[in-house]
Amino acid sequence: MIVGLGTDIVEIARIETRISEVVEKELQTNRLAKRVLTPSELDIFIKSSNPGRYLAKRFAAKEAAAKALGTGIGRGVSFQHIEISNNENGAPIVTFSAGAAERLAALGGVKGHLSIADEKHYATATVILES
């Protein structure tokens, strides 16, 4: 049974503007990236050939997940409580911890399904929470 559904869209240029003035060595200190990404996501971001697009997709995915939880970011759920990774085939995976995991359990949810897409100007993500 579906216990939550969330979607988000991000204009990639807005994210790229926030990191465009930063040289590669300083990507790890970018305030937006440090706020949104977990340590393992930050490692991938730093090595990415297109860090703005990577960050935009993760931002959209985490916002969609927070919306599916019914809280948005805040009220006990932070960007750091939602991690986006990929399975061996490259499909995106959403993992919840701390406040996000507590909220998922309160909804009776056990698993999240994530789809991420991007085109020239936009990144979008949808999360479905399943009981």
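Cβ from N, Cα, C; glycine included.
The annotation Mg(2+) binding site is assigned in Swiss-Prot to Asp8, Glu63. In the three-state DSSP scheme, Asp8 (Mg(2+) binding site) is classed as strand.
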One residue among the binding-site residues Asp8, Glu63 has the fewest other C-beta atoms within 10 A of its C-beta, namely Asp8
